[in-house]
Amino acid sequence: MKNDKNSSVNYKRNLQFMIKQLFELRKGPTPWGKAFCAGLCAGLPVLIGILMGNFELGLLGGIGGFTYLYVFNETYVSRMKKIFLVAVTISFLVGLGTIVAPYHWLVILIIGLIGFMATFIFGVLKVPGPAAIFFILSFTITTSMPINPSQAPLRFLVVLASGLFAWALSMVGWVKNPHKSEIKAVEDVYLSLGGFCGAIGSEDMNNKRQMVIEALRRGEETLSSGYVSKKNKMEFNRLVLLNQYADDLFIELIEVSFYSSSKVPQEITDRIRELYKNIRLKDGEVDKIDLKRLSKESAGEYTKLLDSIYDIEKLMNMHLDGIESEVSKAVRPSRRMKLIKALDMDFIVFVNSVRYGVVLSISAIVAFCFPFTRPYWIPLSCAAVMFGTTIMSTFNRAVLRCFGTIVGVLIATCILSLHPAGIIVAIINMILTMITELVVVRNYALVAMFITPNALILAEAATKNSNPSQFITGRVTDIIVGSMIGLIGTYIIGRKSASSRLPGLITKLIRSQSRAIVRLEANKKNNNIQDIQWIKEKMEINLGNLKLAYNTALGEIPRNQEKLEFMWPAIASLEHISYLIGKNIEGREYIRLSDQELAQILMVLEKIATAVEQKHVLKDIRTLDIDDIPKICKEVNNLQEILSMKNMFI
């Protein structure tokens, strides 16, 4: 009876939390600039079409405007490549859809293939953006156009022209601030370092340490993809050096956290936060950073930590002419290797991509086998709700999309009752697109509220003799059907796919760490840099796969929340071990271990891996203490303690 009562209380609590989560307004910066540009890209082609007397061609050009929705906070060199490829892909899919529109079974197959490829590539390469959604829309929308394969070249060129306009608009900021994303990435690193320093000696220390590791990894990825021009070379090099110095500062903070249980003096934390505030300092500005020195008596055990802080201060105050002309950027894992490595059923991105493609094809079969008004709305709605990486996020999106659509239909009905036409339609399109981009960071239901009337108004304007009520009824029906297919398909195929893979993924990561240590030890004689870089890349891929699977498992139904929460410290510890091994690879490129020491650490790691693989509690802890790798040993000991406390894999 007591268990039933507790289950009932937990159910009510979870239900209340879910309802609150569905309709809460998330906090965050409002993207005014992006919203204006998105509206311009969507509405300008329509406006040009109206002025040229060809409204249908203007609507077609508006599809290319979707290109701008893939703009995020990446470096400009990454954006230049990404947005150009998106523009070409959307244009190609419109042309392809025009050619294959008469062949429904071919359309169904291609929809699934688009969903799989886009989800897989965006997921593996961690490309920010709406992934497959607008590729699916661009392809499927041609099924509602007049069937005329000979129009494929014209449609391709019209969409490409508007897509290239969006590409050019996305690059405008490069002229004023070419390193905006790089600066933001380095700022995030120093902000997280300040948080970690302030948390040393507290219960929140491990979480703050985890935030630093993630910020450093993002910083390296951002800077490694940055563009170095002759004009801004020294400024970029300063950012690279600041990120490298941040690594050294983090190592010193880890040293302090290992051997001191007390809090770091507030004066030191304040100095790190002062560094964060001055990263945007321009060369030649009068206001230089000037940190107050602590006396030797006050510095005490923190002398090395303060030296690291003062080195960063010196770098910040240095004139650009004094910055090193050549600095080494982090080596990025090859995209080709990432994609090939990800073609594995243990890789959660691959599994999610297959699921995405299969369910999309099923939604397309339903759409074309029954007399729906606009078949493309069904796979599009299915694609939109499955954009969430977990079943809970898929369910949330399904509910929010249906709720937002109903409200959006009411808005569309009010607007259509005024019989807008011509330029008014283009202006309404721009305004609704801007509002959509403004609210997308707040709540998904608000997005559906403004996307729905936008689509209905454009559809009604394009088919002047049609009954608006037909579009409205069809839109609601199609969205509900598509959302339900996405929700049911996700639940059936992926309800336990992530959590069941966690033990195997943890085991794979631990064994890749063992291989990295072996190669590092062997490299003291061989000096084979490429070989150990290859091992490091594979270790990082395994770590990324594990973290993605864990985050996905948090949204599965049913899930054991307690065991997943208990598992997080172990995953955080494994990430820290990977970070420390990676720093040895990037720095010394070798470690000096005796045969006995090497055998000792490999035996401990294999014992941990075996316990996880067999889903047993770790027994017989062996404390490691190796002079050449004290931090790695400390973290492996910490991992052993975590895994010996409770069996988290049952």
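Cβ coordinates come from backbone N, Cα and C, glycine included.
Quick caveat, the model's predicted, so the values are computed rather than measured.
According to TrEMBL, the features are:
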DOMAIN    363-488  domain 'Integral membrane bound transporter'
TRANSMEM  46-71  transmembrane segment
TRANSMEM  83-100  transmembrane segment
TRANSMEM  106-125  transmembrane segment
TRANSMEM  132-148  transmembrane segment
TRANSMEM  154-175  transmembrane segment
TRANSMEM  347-370  transmembrane segment
TRANSMEM  376-395  transmembrane segment
TRANSMEM  407-432  transmembrane segment
TRANSMEM  444-463  transmembrane segment
TRANSMEM  475-494  transmembrane segment
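When each of 46-71, 132-148, 154-175, 347-370, 407-432 is scored by its Cβ pairs under 8 Å to the transmembrane segment (106-125), the top-ranked stretch turns out to be 347-370. The highest tally of CB pairs under 8 A with the transmembrane segment (132-148), across 46-71, 83-100, 154-175, 347-370, 475-494, is held by 83-100. Sequence-remote contacts of a segment are chain residues at least 6 beyond its ends whose Cβ falls under 8 Å from one of its Cβ atoms, and for the transmembrane segment (347-370) they are 104, 107-109, 111-117, 119-120, 123-124, 132, 136, 140, 341, 376-379, 381-383, 386, 389, 478, 481-482, 485-486, 489-490, 493-494, 497-498, 501, 545, 548-549, 552. Among the stretches 46-71, 154-175, 475-494, the one making the largest number of Cβ pairs under 8 Å with the transmembrane segment (83-100) is 154-175.
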